[in-house]
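Chemist: If you scroll down you'll find the structure; I have some questions about it.
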Amino acid sequence: RRPLSLSLSAPQLFIMALAFAYFSKALAGSYMKSAITQIERRFELSTTHVGMVDGSFEMGNLLFLVLVSHFGARLHRPRLIGVGCLLMAAGSFLTGLPHFFMGRSADHSLEGKGRSSLCPQHPCLSLRGHSPNLDLSCVKDPSSHMWIYVLLGNALRGLGETPVTPLGISYIDDYARAENSPFYIACVHTISLLGPVFGFLLGSACVRLYVDIGYVDLDSVTISPKDARWVGAWWLGFFISTALLLISAIPFWFLPRTLPKQGPPEGEGPPTHPHAIQEGLLELDGDVPPSPEDRPAPIHKGLLQSLKQLFGTPAYLLLLCSGVLRFNAVIGLFTFKAKYIEQQFGQSASRANFVIGALTLPVLAVGIFLGGLLMKRYRLSVFSGALLSFVTSVVAFFLFLLLHLGTKCEHVAVAGLTVSYNGTAGVWGGDEAVVAPCNQACSCPLEAWDPVCSQSGITYTSPCTAGCLGSSGSGKATVFHNCSCLSHFYPEGGSTSVSLGQCPRGNDCVRSFTSYMAISVLSSFINALGGMPGYMVIIRCIAPELKSLALGIQAMVYRALGGLPAPVYFGALIDTTCLKWASTRCGDRGTCRMYDSNMYR
């Protein structure tokens, strides 16, 4: 007998290579999501602008998606996927590169400079007249526009991902039996979901490291990872994902252009043609259409005619519309979920990324795998698959609704923002709200955000707005004394000192966070269970020769109407809930330091 040839092992090799490519691209994409808050703070962007940076991935993807999906099936699909992996690696590298061309982060020395200049006799007066508007050097600072390179790198990564999904999935479906195809694709998607798991865990690890690690003395950094000004080593993960994407590109250069078609299961009889397996003439449901390279009609059919036939399929069109709505919700939630956990429940960025990567995403992987297993085990029809997808979506939707409306934390008590200086609860906006009779003589810089915590549990935006007249200690152990704005809460002779940092949240908030994560895990599993049946319905409801184009159009529409606008308008809505804006060195509005919890929720 002839030795085992490459063509017999190529299907397994292709599935393994595609799974690793899916893993790598998913890790890079999810790491971008995990680092979005750090990028927002490092480049002093609003949530709207950072949503545009995140959405640039879709811009790059949309440029050539339809063309690659339509014409890619006629070319060497594995090598096109390899080229895509190389482009993604280049984009990820470009995204992290600006770190090495920027100066040091402002916040690591801002604290030390601000406190070292405090006058021991009257520290609240020492900052009088200080305004970032007086620093004109930022006009010549090129780093203020470095975020554009992050946007371009993310767009290049999106361009590189263009051929991976439509060509990879159609390549598997062209050469697999009907009952095996859902299982193979589910395996690829399941392995790919490990990418976001490791992506968020990588983000959790990197955000614990200070952005300028290796360049500054960490003992001089007086802010903690829970501080709204903390910027982690956001750049580090992009170089790690670059290495993985380069490795994932290698196998596709050694895979064949076509594969032999899988024969029928044992006991179901031979194929209708003696060379059907070698020539790839068997299709998914037992018919004998020509193989991809021998389909003269589809090959010469114009793109417009193919699109007309595709959109003339009612089931495909309806599934496309419903998918757009779901994709908007998923992208909006996924992009800002870590930020939501930080702001709503007072968790650090590292912990927020960790719980998403360690709890939510593995459950999604299990749900998708079980969905594909159900399709294979019970050989679900198109109608049964659609019904399962619909039911799980509706149940998950109501659970998500309960999740975000029913679990909450009370506002952080910040004097002048969510509570008055005499302790009355409320919500005020604008920097002027932090001015009170107790600190009016200090002429505090209104844009400052240098929070300190009193024993009463009320946070002040700075030692100056607390009216503090003295300080002791250094670094993170700094304590400010004789704070005139605290006299309302303490009798004469009592403690009027504040410590560095924002006041922690109460135990009720910890319990709310536990409930939030429990319901989030359950709803994510239910939603994922119907994901693969719904995906296979799209493949089964269209003509076989239009599979690549259909998947490409689906990805294009999802990205154009969901992936691209969702981060922007979700970010714009989040910005409307901001209570305290930071100010850049030039006096422009920077990133948000604190949000109205109820409005945000």
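Including glycine, each Cβ sits where the backbone N, Cα and C put it.
Heads up, TrEMBL stuff is auto-annotated, nobody curated it.
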Chemist: Of the residue ranges 80-101, 520-541, which one carries the transmembrane segment annotation in TrEMBL?
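Modeler: Checked against TrEMBL: transmembrane segment maps to 80-101.
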Chemist: By DSSP assignment, list the helix, strand and coil residue numbers for the domain 'Kazal-like' (432-487), in that order.
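Modeler: Counting residues by DSSP class gives 12 helix, 11 strand, 33 coil.
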Chemist: What residues in the same chain, six or more past the boundaries of the transmembrane segment (354-374), come closer than 8 Å to it by Cβ-Cβ distance?
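Modeler: Hits for the transmembrane segment (354-374): 30, 34, 182-183, 185-187, 189-190, 193-194, 196-201, 203-204, 337-338, 341, 347, 380, 388, 517, 520-521, 524-533.
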Chemist: Of the stretches 80-101, 183-211, 315-334, 380-403, which racks up the most C-beta pairs under 8 Å with the transmembrane segment (232-255)?
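Modeler: Going through each listed stretch, the top one turns out to be 80-101.
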Chemist: At least three Cβ pairs under 8 Å linking the transmembrane segment (315-334) and the transmembrane segment (380-403), pairs spaced 6 or more in sequence?
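Modeler: Per Cβ check, the transmembrane segment (315-334) touches the transmembrane segment (380-403).
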Chemist: Which residues, given as numbers and ranges, are at least 6 beyond the ends of the transmembrane segment (183-211) yet have a Cβ under 8 Å from it?
Modeler: 15, 18-20, 22-31, 33-35, 38, 42, 99, 105, 108, 168-169, 172-173, 176, 218, 221, 225, 230-237, 240-241, 338, 348-351, 353-354, 356-358, 361-362, 364-365, 368-369, 371-373, 375-376, 531-532, 535-536
Chemist: Sequence-remote contacts (6 or more beyond its ends) of the transmembrane segment (80-101), Cβ cut-off under 8 Å?
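Modeler: Beyond its ends, the transmembrane segment (80-101) has Cβ neighbours at 18, 21, 24-25, 28, 32, 60, 68, 72, 142-143, 146-147, 149-150, 152-164, 167-168, 211, 234-239, 241-243, 245-246, 248-253.
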